[in-house]
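Visitor: Sharing the record's features from Swiss-Prot:
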DOMAIN    2-242  domain 'ABC transporter'
BINDING   GLY39, THR40, SER41, GLY42, ALA43, GLY44, LYS45, SER46  ATP binding site
Amino acid sequence: MIEIEKVCVDFTAGRGTPTRAVDDVSLHIAAGEIFGIVGTSGAGKSTLLRTLNALTRPSQGRVNVNGVEISALDGKALRQARQRIGMIFQHFNLMHTRTVAQNVAFSLKAAGWERSKIAPRVAEILTLVGLADKANRFPVQLSGGQKQRVGIARAIANHPDVLLCDEPTSALDLETSATILALLRQINAQLGITIVLITHEMNVIKSICDRVAVMSGGKVVESGEVFDVFAHPQHAFTQQLVSHTLNLTLPERLREHLPGQLLKILFIGDSAEQPVLSEVAIKFGVAVNILHGKIEYIGERALGILVVQLTAPHNPTAVAAAVEHIRQRTAQVEVIRG
């Protein structure tokens, strides 16, 4: 579906030294998947996204969409290719003097639709995004979430193959963000549209994406299935993002003063639902104190992370045996202290 091959993007201000915003990025995005690109501000993710519809041209490398090298197109050929690629934005980009229906109809008129077919399509797509009763409202009369729904309706009205999402929830509150992400999942499942989404929030990636690329300093430092990236982050930057998202940092006071061993335990799949710690307490006679933890469901797979304290003041070898038992029954054990 989408092939990004060794893409670099340089920006030059005046006669200054070029700044490399995207540095040698190669990615394959399969048809029908929801692919996330995550990174902090300045990581290059927005610039990379804009190469997919040639709003930004690569300085080096190629971008192919549906077998067509879009980075090499211009004029009429580029306009035709862009009709197969919808895009939504962080700040909605609606025309404030036009109604909801007129905003959606505009994209169809620009694509050359017959006048008689525009109104039925607008009604159909507004029903899909839950705005059938808002067709004659103006953007100023809408909430932020409703404005983004108009943006989505406009972007998918022309039956695109690809939907590019540039920070689609960053201007919204948590509850509204969840409804927008649910709508994007519905559109992906119902219409089969490939979605490429950029965000600075790993929670967004966790809730909607099939695969993810992590960007830092213009480079993709890690990529893979979302569950695997959360369960086994390889790059230090990814580890930082995941740790912040799962919020498993212990106060230093606890790390320094609690007796016994402190462990961070990763449970994957079935092991997340097994009574491993109860077994340890009974079998080895150790005291188990759960300090922090949670079980996340990413897709349909469980990922459990616990921070626990193990103590057995009168039988130190029991703690070591308990740790080994936990290692055998879980995916990963990290000794934080002890």
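Just so it is clear, glycine is given a Cβ too, placed from its N, Cα and C backbone atoms.
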Visitor: So which other residues, same chain and not among GLY39, THR40, SER41, GLY42, ALA43, GLY44, LYS45, SER46, have a Cβ within 8 Å of the centroid of the Cβ atoms at the ATP site?
Guide: HIS200, MET215, SER216
Visitor: Could you find out if DSSP has GLY42 (ATP binding site) as helix, strand or coil?
Guide: coil
Visitor: For the binding-site residues listed here (GLY39, ALA43, SER46), which one has the lowest count of neighbouring CB atoms within 10 Å of its own CB?
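Guide: It is SER46 that, of the binding-site residues GLY39, ALA43, SER46, has the fewest other Cβ atoms within 10 Å.
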Visitor: Using a 10 angstroms cut-off on Cβ to Cβ distances, just flag whichever of THR40, SER41 is the loneliest among these binding-site residues.
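Guide: Among the binding-site residues THR40, SER41, the sparsest Cβ neighbourhood within 10 Å belongs to SER41.
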Visitor: Of all the binding-site residues given, GLY42, GLY44, which residue's CB has the most CB neighbours within 10 A?
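Guide: Of GLY42, GLY44, the one with the most crowded Cβ is GLY44.
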Visitor: Could you list the residues of the same chain, at least six apart in sequence, whose Cβ is under 8 A from the Cβ of LYS45 (ATP binding site)?
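Guide: Non-local contacts for LYS45 (ATP binding site): ILE37, VAL38, GLY39, ILE198, MET215.
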Visitor: Taking all residues of the domain 'ABC transporter' (2-242) together, what is their mean pLDDT?
Guide: 95
